[in-house]
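Annotation source Swiss-Prot lists disulfide bond at CYS22-CYS137, CYS90-CYS97, citing similarity to another entry. What Swiss-Prot lists as N-linked glycosylation site is ASN51, and the listing cites sequence analysis. Annotation source Swiss-Prot lists signal peptide at 1-16.
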Amino acid sequence: MLFYITVTVLLVSAQAKFYTDCGSKLATVQSVGVSGWPENARECVLKRNSNVTISIDFSPTTDVSAITTEVHGVIMSLPVPFPCRSPDACKDNGLTCPIKAGVVANYKTTLPVLKSYPKVSVDVKWELKKDEEDLVCILIPARIH
């Protein structure tokens, strides 16, 4: 019996992701990557005065012709906007719009971690939106260092 419990715990741990889905309504998130951090990390350490690259593989459940990006740092339940270099996700982010339903798309962009950011723990909320509705919504636990 102890063997089965141990195997179950190991399988669940092996499948653990460093991000959580916070309401992806119009797409299925396939994978998320953050430069320099493995998927089994508990949090991402973001160094101030540097850049971090994020990639999100997803498949929309509906045809999509335009996607906007919103990024927030959530500190004590308060969302603080992060600067987004390209809010139009269909430009310079690896996406070719329109995207057909069921087709896996790869979004990739770079986020500046400004020197002015305080050294705090934060949940990075990354949203890709279609007509103000969440196509993709993920939360990434991070620590700004």
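Each Cβ is built from the backbone N, Cα and C atoms, and glycine gets one as well.
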Same chain only, sequence gap of 6 or more: which residues have a CB within under 8 Å of the CB of CYS97 (disulfide bond)?
VAL64, SER65, ALA66, ILE67, CYS90
Determine, from DSSP, whether CYS137 (disulfide bond) sits in helix, strand or coil.
strand
